[in-house]
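Feature annotation from Swiss-Prot assigns active site, proton donor to H97; the stated evidence is sequence analysis. Annotated 5-amino-6-(D-ribitylamino)uracil binding site per Swiss-Prot: F26, A60, F61, E62, A89, V90, I91, F122, in sequence order. Swiss-Prot lists E94, T95, R136 with the feature (2S)-2-hydroxy-3-oxobutyl phosphate binding site.
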Amino acid sequence: MEFKFNKDGSRDFLSKKKIAIIVGYFYQDICDNLLLASQETLTKYGIKANNINVFYAPGAFEIPLLAKKLASQQINGKNLYNGIVALGAVINGETPHFKFICNECARGVSNVSYQYEIPTTFGVITTNNMEQTIARAGGYKGNKGEEATMAMIIMLYLMQQADTQFF
């Protein structure tokens, strides 16, 4: 996914943004691939490495609470983080546990975005097996870490546009 905008102008806009990446670290190898793609995407678009903070949650279920905590942090009345990217993997097993975890994680992440009006994107892979997971963590289906990060970057632009539009 390539967002069409002036990359030179975008570097100025993004260079001062502070981003939190939350990694539900249950599947370490998979999550490492998601995290690396996310970090590379952020730096490619001008976000400085020292403005990217990575937080590790034990699993996907814990991501929304950590996202809410990070979204609520402020300095001098302004949000500490301009955007949050949630990454992880949940693989279907033999019980309904998969549905509960996936639904609550997705709902919780979206609620953070709505409540705090901070772009908070969902890069948690939810698949039926490890083969599908690998395919979406840098394999032939792309990398959900990169995709979620691009969605967050695009939302940063759109939120700024929405704030500055005059009708």
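One is the number of the first residue shown, and numbering goes on along the chain from there.
Yeah, the Cβs are placed from backbone N, Cα and C, and that goes for glycine too.
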Local Cβ density at R136 ((2S)-2-hydroxy-3-oxobutyl phosphate binding site) - other Cβ atoms counted within 10 Å: 22
Local backbone state of I91 (5-amino-6-(D-ribitylamino)uracil binding site), from DSSP in three classes: strand
Rounded to the nearest Å - Cα separation of T95 ((2S)-2-hydroxy-3-oxobutyl phosphate binding site) and F61 (5-amino-6-(D-ribitylamino)uracil binding site): 16
Spatial separation of H97 (active site, proton donor) from V90 (5-amino-6-(D-ribitylamino)uracil binding site) - C-alpha basis, Å: 10
List of residues, in chain order, with Cβ under 8 A from that of F61 (5-amino-6-(D-ribitylamino)uracil binding site) and at least 6 apart: G24, I101, E104, C105
Collapsed DSSP category at E62 (5-amino-6-(D-ribitylamino)uracil binding site): helix
